[in-house]
Amino acid sequence: NASSVKEFILLGLSENQGVQKICFVMFLFFYMITVPANLLIVITVISSQRLNSPMYFFLCYLSFVDICYSSATAPKMIADFLVENKTISFVGCIAQLFAVHFFGCTEIFILTVMAYDRCIAICRPLHYTTLMTRHVCGWMVIGSWVGGFMHSVVQTLLTTQLPFCGPNKIDHYFCDVHPLLQLACTDTYAVGIIVVVNSGMITLSCFFILVMSYVFILVSLKSQTSKGWHKALSTCGSHITVVILFFGPCMFIYMRPSSNLLKDKSMAVFYTVIAPMLNPLIYTLRNEEVKSAMRKLW
């Protein structure tokens, strides 16, 4: 294409030196929690014979995706807090864009599959083992990875076809579609609509499945005792919390044409840094089986 830009400059979360130093310490701390905590869940589920249900099978992959997802943005962002020249090559920028959408979309699909799993477990407990076999669960995870890959390919190809001839300053802490569309030296209205439709269809359809799963769960619990309600909702509470943390900011950013990049990058912190860090804490603190397996592993 007609791009003359060979590298981009990431403006980051703030240009204030004092704020950058505080952010460096804070986000380094977050990342140092995110990777070991999610890795601990992966090792615990793999090594424990008790955690062999589909719920933990999906949790293991969710934690693995969280490690990859946070690693796509956090190390570069943390390093940039210490340097004055926050550059990223054109190829590196496109690679980061691909990774963010690949792992982010895969996480959305896995969260949706986990909601379906909880729905089957509570609404059809007698058929659960025949419906949610390891083979079926495996295909669901493969489908999540393939879906994330297809979404990311579309977003990346649409962006790489645009000409970039300056300016090259990205008002964000990582390379994303909306900031890059604003830098393209051509009319990006049509591409912007396709990007929003692509992201919106995936997010809305997955959100619809999530909502319907919990509607079916609530309906099936009408005849349950208070003890049954508590047990069922305790298994779903962690998942609902994670969904709100991840889906809320994602829907805010990717289901509308971007007009305020300052708001966008502030919201992006929640699903790229905060959610991957909190996921293992939410799932372990509310789950006695996982805590017991971790103690045994230790």
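Any Cβ shown, glycine's included, is placed from N, Cα and C.
Automated prediction, rather than curation, is the source of TrEMBL annotations.
Feature annotations, courtesy of TrEMBL:
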| type | residues | note |
| --- | --- | --- |
| TRANSMEM | 24-43 | transmembrane segment |
| DOMAIN | 37-283 | domain 'G-protein coupled receptors family 1 profile' |
| TRANSMEM | 55-74 | transmembrane segment |
| TRANSMEM | 94-116 | transmembrane segment |
| TRANSMEM | 136-154 | transmembrane segment |
| TRANSMEM | 189-221 | transmembrane segment |
| TRANSMEM | 233-255 | transmembrane segment |
| TRANSMEM | 267-285 | transmembrane segment |
**OP:** May I ask for the residues of the chain that lie six or more residues beyond the transmembrane segment (267-285) and have a Cβ under 8 Å from a Cβ within it?
**Re:** 13, 27, 30-31, 33-34, 37-38, 40-41, 59, 62-63, 66-67, 69-70, 72-74, 100, 104, 172-174, 176, 238, 241-242, 245-246, 248-250, 252-253, 291, 294
**OP:** Report, as numbers and ranges, every residue of the chain located at least six residues beyond the transmembrane segment (136-154) whose Cβ falls under 8 Å of a Cβ in that stretch; write 'none' if there are none.
**Re:** 54, 57-58, 61, 98-99, 101-110, 113, 117, 198-199, 202
Original post:
Which residues of the same chain, at least 6 past either end of the transmembrane segment (55-74), have a Cβ under 8 Å from a Cβ in it?
Top reply: 27, 30-31, 34-35, 38-39, 41-42, 45-46, 96, 99-100, 103-104, 106-107, 110-111, 113-114, 117-118, 121, 134, 137, 140-141, 144, 173-174, 235, 272-273, 275-277, 279-280, 283, 289-290
